[in-house]
Structure formats: structure tokens, C-alpha cells
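Asker: The following block contains the structure, expressed as C-alpha cells.
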Ligand code: ADP
């Protein structure tokens, strides 16, 4: 069983995340979308809302599970028996940031990080831009799955 964890804040889930998850499904038997709980971070959406948006987006996909976790991602992976971490790469800045994390995770465990390049046309999408548009009353259709729009 090839099980991967796709960790993130998902505040909120975007079509960029969605794209990586859908393409990840061709590589893995199961993907756990894992919402990290960080007490120091301020979120626009509550944990319950973020979880609900993701669950609704993938309600017809039996290979997807949505969970929340605290602490190190590698510890969560071990607990869930997942050998892979899935991450998306949008640009060189993502690469530099992700590289350091992946090396650190590899030092602490046997878990491999698998990177998928964002699809062209989705690389500019980020949760922070989506939050900005929402805060200013703009239209985020085309940036997020429909489940976020029905809020
Ligand atoms: P984090 O707080 O860990 O950065 P995010 O929810 O912002 O969590 O992102 C989770 C993962 O999704 C990261 O690997 C990030 O690079 C990836 N990601 C976010 N937006 C996109 C996008 N538009 N295309 C591809 N990957 C993306």
C-alpha cells in the first residue's frame, strides 16, 4: 500500500492544491490530506471549516482521507504508516524552502518527499492571495474548489 501524506495549512484549499492531490492519486493508493495545527498561526478559516472544504471537495474519492495533526509531519507519517510526503512546487522560492524541509525530514526518518510541479496555469494560485481577494470582497471562483465558494 503506497500511502502519502499531503501536509499543509489549506487556509483555504485552492485549485493549486486540488491539482497536486488529483495528480498524486495516480501515484499513490491513498493520500491523507493532513491539516497541520500550529497554535502560533492566525487563520482566516477555522480548522473545522478548512477540513469541511477539503472533505466536500473529495467526497466521491475513496482514496482520500482528511485528518488534522499537531507536531512533526514525519511523526504523523509514521503513526499513519505513510512512507511518502507529497508536496507541490510552484517556483524557485518553493523549491528552496521545500528542499530544506525535505532534507531535514529525511535526516529524521526514512520518509521520502515526492514533489509534483504545479500545472501551468495554476502556479500563481496561493491561499494567501485567495484570502486577500476574499477580504476585499473579490470573486475567487477559478481559484478555489466550489466547496469553498458556498461558504
Ligand atoms: P504550508 O502552510 O505548508 O505552505 P499550504 O497549504 O500553503 O501549506 O500548501 C501545502 C502544499 O501545497 C505545499 O507543498 C505547497 O507548495 C502546495 N501548493 C500550494 N499552492 C499550490 C499551487 N498553486 N500549485 C502547486 N502546489 C501548491
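Every residue, even glycine, has its Cβ placed from backbone N, Cα and C.
Features from TrEMBL:
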type	residues	note
BINDING	9, 10, 17, 88, 89, 90, 98, 122, 123, 124, 125, 126, 127, 128	ATP binding site
BINDING	9, 41, 73, 87	substrate binding site
DOMAIN	5-132	domain 'Cytidyltransferase-like'
SITE	17	site 'Transition state stabilizer'
Asker: Using DSSP and three states only, what is residue 73 (substrate binding site)?
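Answerer: In the DSSP reduction, residue 73 (substrate binding site) maps to helix.
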Asker: Of the binding-site residues 17, 41, 87, which ones put their CB under 6 Å from ligand 1?
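Answerer: Near ligand 1, sequence order: 17, 87.
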Asker: Using only C-alpha positions, which one of 41, 73, 87 is spatially nearest residue 17 (ATP binding site)? These are the binding-site residues in the record.
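Answerer: Minimum Cα distance from residue 17 (ATP binding site) across 41, 73, 87 lands on 87.
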Asker: Return the residues near residue 9 (ATP binding site), defined as same-chain residues 6+ apart in sequence whose C-beta is under 8 angstroms from its C-beta, sorted by sequence, else 'none'.
Answerer: 35, 36, 38, 41, 43, 50, 127
Asker: Least buried of the binding-site residues 73, 123, going by other Cβ atoms within 10 Å?
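Answerer: Each of the binding-site residues 73, 123 was scored; lowest Cβ tally within 10 Å is 123.
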Asker: Using a 10 Å cut-off on CB atoms, tell me which of the binding-site residues 89, 125 is the least crowded.
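Answerer: Minimum Cβ neighbour count within 10 Å, taken over the binding-site residues 89, 125, occurs at 89.
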Asker: How big is the gap, in Å, between the Cα of residue 123 (ATP binding site) and that of residue 87 (substrate binding site), rounded to a whole number?
Answerer: 13
Asker: Which one of these binding-site residues, 17, 41, 87, has the sparsest Cβ neighbourhood, judged by other Cβ atoms within 10 angstroms?
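Answerer: Output over binding-site residues 17, 41, 87: least Cβ neighbours within 10 Å is 41.
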Asker: Can you give me the Cα-Cα distance between residue 89 (ATP binding site) and residue 73 (substrate binding site) in Å, rounded to a whole number?
Answerer: 18
Asker: Could you pull the average pLDDT for the domain 'Cytidyltransferase-like' (5-132)?
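Answerer: Reported value for the domain 'Cytidyltransferase-like' (5-132) is a mean pLDDT of 95.
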Asker: Applying a 10 Å Cβ distance cut-off over all chains shown, what neighbour count does residue 127 (ATP binding site) have?
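Answerer: That number is 22.
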Asker: Do me a favour and check the Cα-Cα span between residue 98 (ATP binding site) and residue 87 (substrate binding site); whole Å is fine.
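Answerer: Cα of residue 98 (ATP binding site) to Cα of residue 87 (substrate binding site) measures 8 Å after rounding.
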Asker: May I ask for the distance between residue 73 (substrate binding site) and residue 125 (ATP binding site), taken between their Cα atoms and rounded to an integer number of Å?
Answerer: 24
